[in-house]
């Protein structure tokens, strides 16, 4: 075990192909090939490098297809649609394990595939033919036989068995190099018919989808001839000059000297193969998505190897980032460096999450974020664009790393020549670059807006051991950055009219509004404080006068999001500023046209009606009712008026329809029929929601027998005075009884009086409490034989 764990020759990475046809890294460890008693056979075992945990235990089956690729990869299918791969650190280790696999299956270790690959649906069809099928005999590679060769290739491609036999024949005969020589001859003779045949032949070699053939096609000395064969597509009227593009147009720039020849060759090869896949080969149809899966795997592993080799170089990345941060580096040189870094970060997308996180942590430790601050402010548009692309990659993968850096620098300041201090913050640089984008279409602004949105999104902010990221970062953002974001909006709405209403400025304001709308939805307290302090909604609604409908709709969307919160503070702010005015005016100016603006405004009022936001319904009808009373093509405004009338009627009827009907006050005893109490309770709970909004209390309506009669309005005034005092221990006279008041809060009552009598009126007071039991929700009290009160039996308060 010790030898296996320390032998670098057997050090491997285990990969598994996921449902998206991407290779997932399952871990790094050491592989061995031993007999496993439980599985009753020789098996491949991979134990984790870190703790020795078993990452893989796979019995070598005699019918499993194993493939050796790129001298350091062994790929096979463990079960249906479950592909595995072992990537070896050393070629010798791969060969050793490959020999043991071949030994178990009884195969020659010099081959690259241990079994014939047969389509699942055709397994039975070829079971009897697989051993007896004769090998494919390839014709002599001559110009006169090119059509015969093309027809043979097309015929063999029709069945999986013959396709495998064809691949064996091409590999064993070195047929690729023979075809390349024939191509050079045909091109020298300008034999167009032969060149068209060679195109079909080479294209079919690609479609065989064998890694061993790709290794032959992509050899450094023949790859350009292979690309040349693919220039002569007989279906195209004009020839494509791919070799000219690769040799002369897309020249390789070695921005940092690469001393590792293996890395240099791998970069060249990957670029050319990627070009073949993306440009040269025809675009696969929906039914051919997996026709070149081996080619995609070839490119994937090449990119992983390039990133790994560069990351392991101790001088390469520090030198690159150091030159980018050096102010003396000329812009032309910076452009080359930042474009290389961008390409490097794109390659890192092929890494699995653990490796990718380590990669970005390495770049962060080397100072990539301070470098991005400088390059984002560059006058060169190309440098700025490359920096934005890099920042986007970093933020999309790990926004927490960016936020951590921003919080660390929040206390850093730089003193200017005039003595003032300016905070240098990456977040502010991003916002400023978004606002100051010179692109007529604001392409960079849109990209930076996406970056800002990810950074301020609470959904990807997680609590850590040392701090709560959401709290810290949002506090920082609203203290240091939000004023920069809203500055263009405030500057453009100073005089109640849009100061600038050109298309580019309208686009910018629309992007700012989109971010602010996102903040309203996700940030609650922070953005509420900002809106109320800056009178922000009023400023936003000035944009309803813009000539650009997309900006008008953006302003309306911002208000709609605020109204949707049904927040009391927002509602009172809207009412105080009469902020429905611009919306109503915009609706009237639209003059009933059937468009998106008309529908959006009506939907806002429809929402207020459906959600029954009483305070806004009353405000809209009372202040703007006459303006929209003629609008009858929708029923929304008519319904608002009806709803308001119903509310008004309920308020007027409230003292008359009080739920507590009659209480008798006399020099004798108070007594009510028990059935009366049950009836009153039913009335109370049936009317509670409708009758007592906004902190209104229930007032007992008393019919007096043999005593002075107190009207309902006088009772309401008396109790209302006691509520207004809101001071424990204060007292007032109700029905001739001294009553102490204490505020009691529940869902429907803002403050209700708790009653206690003076000693001389104890009996009357107690009986009064009994009469008000349904109003307060307190306990019932029983009398003993002498008419005195027993100890109360408590019951739950209804709220």
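One is the number of the first residue shown, and numbering goes on along the chain from there.
Cβ coordinates are placed from backbone N, Cα and C, and glycine is handled just like the others.
Curation plays no part in TrEMBL annotations; they are all automatic predictions.
Among the residue ranges 702-750, 751-799, the one that TrEMBL annotates as region 'Disordered' is 751-799. If you take every residue in the domain 'PP4R3 EVH1-like' (10-105) and average the pLDDT, you get 84. Taking H, G and I as helix, E and B as strand and the rest as coil, DSSP gives the domain 'PP4R3 EVH1-like' (10-105) the counts 16 helix, 53 strand, 27 coil.
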